[in-house]
Amino acid sequence: MAPEGRKRGKIRWSKLYTFSCIRPSVLESDGPLPSPGFSRVVHCNRSQMHKKKPFKYPNNYISTTKYNALTFLPKATFEQFRRVANLYFLLAAALSLTPVTPFSAVSMIAPLVFVVGLSMLKEALEDWRRFMQDMKVNSRKVSVHTGEGKFGNKSWQNLRVGDVVKVEKDQFFPADLLLLSSSYEDGICYVETMNLDGETNLKVKRALETTLPLDNDAAFADFTATIRCEDPNPNLYTFVGNLEYEQQVFPIDPSQVLLRDSKLRNTQYVYGVVIFTGHDSKVMQNATRSPSKRSTIEKKMDYIIYLLFTVLVLISLISSIGFAVKTKFLMPKWWYLQPDNTTNLYDPKNASLSGVFHLVTALILYGYLIPISLYVSIEIVKVLQATFINQDLQMYDEETGNTAQARTSNLNEELGQVDTILSDKTGTLTCNQMDFLKCSIAGVSYGVGSSEVEIAAAKHMAVDHNRQKADPAGNHDIHYSSENDEGNLHSPEIELEPMTTPRFGNGKKPSIKGFSFEDDRLMNGNWLNEANANSILLFFRILALCHTAIPELNPETGSFNYEAESPDEGAFLVAAREFGFEFCKRTQTSVFVRERYPSPAHPIE
């Protein structure tokens, strides 16, 4: 173990109380002065108070672009001349303006302007696309309380701190909100935070009990409250604050805060009051400026340019030395060149200076050793690749209707180059979709299907044994034969048995999402005839009772659909329903299950 004090966390200036003086102060009329780092004051349903000092909180407009109208030219130019080749061509273009150049200045400057201009145009186009995506987000509509218990649509970018908003099912939260109430009586709602932490499992948020009566539009006609909370910070999982409502103070914790860019799921609607907007929101506090990304190939090309430039200088140096020697010793004999009446470029009396001038000339003359057209080709290829990625049908998600979006083409060649995967669970690597396929009750295995993992393992075993069979150097006693047809493998000695338990009946039922179980011993009430019926009954009741899901009646089928935190819970509840134990209602203190095949000896208590 390292000695105490050796490990220290990174200090954030925003967390030091010494620098809290830069935060907006609060008037004494608004209540007692808060502690440093705890200076946020939100007047609920009175957003106009936050447009002026001492508050002056920012609006909800966000921008993720790399450039703007003022910074584009200097920043983009700097980005282009980070490339070694462009620096060389800039030097060559500058030397082409001198008398020692063997070419016209246009022939050196024009290619450089073309390459740099093309790259800057690509950067501008990609940043324009980011700008349009930002405008699309900023222009989203949300229902906001406009006064007298009436709600109207307003753009996200026009939201202010203190606004009361109504967010409906499958909509994103436009800002960081304090949850006031929801469509459920107990004030809970389900939130998907995949855009924040990559988790597809739903999180449960719960409103304060004191704000539960605010469950309709008219209830906000006279609603006023004050929130005193922490200043904007990037911590997604912590929140410290108080709600002052009806002359009482209630503590606020992270379970009452709805973060921007998370989505409302499995809940018809929620009411909330805006706490943090725009770049003050926690997700934007965690966002970084669009970095200048360079691919591995581009970095490697810089080293190649270094090598080629070294070769170029070596060739030019040898050429200039030879020129200086010939100028000093041979040129005086060439009377037709008039050696006594010449410039410094060909002066036999000062051959060293003539050699230096010739070195510059040679660097320009042999400069085509470094291909400027290579960068042009690469830029064009990257733009075309980004276009193909955006239009690739195999990258289209039919469920969400989203296509792949190449926000930058600088790293196209890095795609698919996975070196190491560090994962805490398989859900990170899969679609996180659960199917009830098999179960084990009192030591007895039920279910006759084979999972995709088992089928893949069988195929892998078939390949390995076929290789062993084909190896002439080894003596193998195992004879293995396989038929590679959708995982149907057969072998005299080694065989994957898809039927782990006997099955009765061959009739197939319609497929049910989340339920792929097949075994007639448990279906249609046949489990009552099993020797361990008591254990099976307990197993089914546990499936139907131990969860946090909410039932929703499907008017088309008459059965219940379940809004669960995770796919696991959903699959268990669907399985319990198919086995005859249908979860149908939940209250604060009770859970109701409808049993299709009740056991007289074991009634529900």
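Just so you know, glycine gets a Cβ as well, placed from its N, Cα and C.
Because TrEMBL annotations are produced automatically, they should be read as predictions rather than curated entries.
TrEMBL lists Asp424 with the feature active site, 4-aspartylphosphate intermediate.
Taken from TrEMBL, the feature Mg(2+) binding site applies to Asp424, Thr426.
Within its own chain, Glu569 (ATP binding site) has His547, Thr548, Ala549, Tyr562 as residues 6 or more apart in sequence whose C-beta sits under 8 angstroms from its own. Sequence annotations record features per position, and here TrEMBL assigns ATP binding site to Asp424, Lys425, Thr426, Glu569.
Taken from TrEMBL, the feature domain 'P-type ATPase N-terminal' covers 42-109.
The transmembrane segment annotation in TrEMBL covers 84-102 (among others).
The feature transmembrane segment is assigned by TrEMBL to 108-125 (among others).
Note on the transmembrane segment (303-325): residues 84-85, 88, 351-352, 354-356, 358-359, 362-363, 366-367, 369-370 of its chain, located 6 or more positions outside it, place their CB under 8 angstroms from a CB of the stretch. Look at TrEMBL and you will find 303-325 (among others) tagged as transmembrane segment.
Residues or ranges marked as transmembrane segment by TrEMBL: 355-376 (among others).
Remote same-chain residues near the transmembrane segment (355-376) are listed as 83, 85-86, 88-89, 92, 95-96, 98, 100-103, 108, 111-112, 114-115, 118-119, 301, 305, 308-309, 311-313, 315-317, 319-321, 323-324, 327, 344-345 (criterion: CB distance under 8 Å, separation of at least six residues from the stretch ends). If one looks beyond the transmembrane segment (84-102) by at least 6 residues along the same chain, the residues whose Cβ comes under 8 Å of a Cβ in the stretch are 108-109, 111-112, 115-116, 301-302, 305-306, 309, 345, 357-358, 360-361, 363-365, 367, 370, 372, 374-375. Under 8 Å from some Cβ of the transmembrane segment (108-125) lie the Cβ atoms of residues 66-67, 72, 76-77, 79-81, 86, 89-90, 92-93, 96, 101, 364, 367, 372, 375-376, 379-380, 382-383, 409, all in the same chain and six or more residues away from its ends. Confidence annotation: the domain 'P-type ATPase N-terminal' (42-109) carries a mean pLDDT of 84 in the model. Note on the domain 'P-type ATPase N-terminal' (42-109): DSSP counts are 31 helix, 3 strand, 34 coil.
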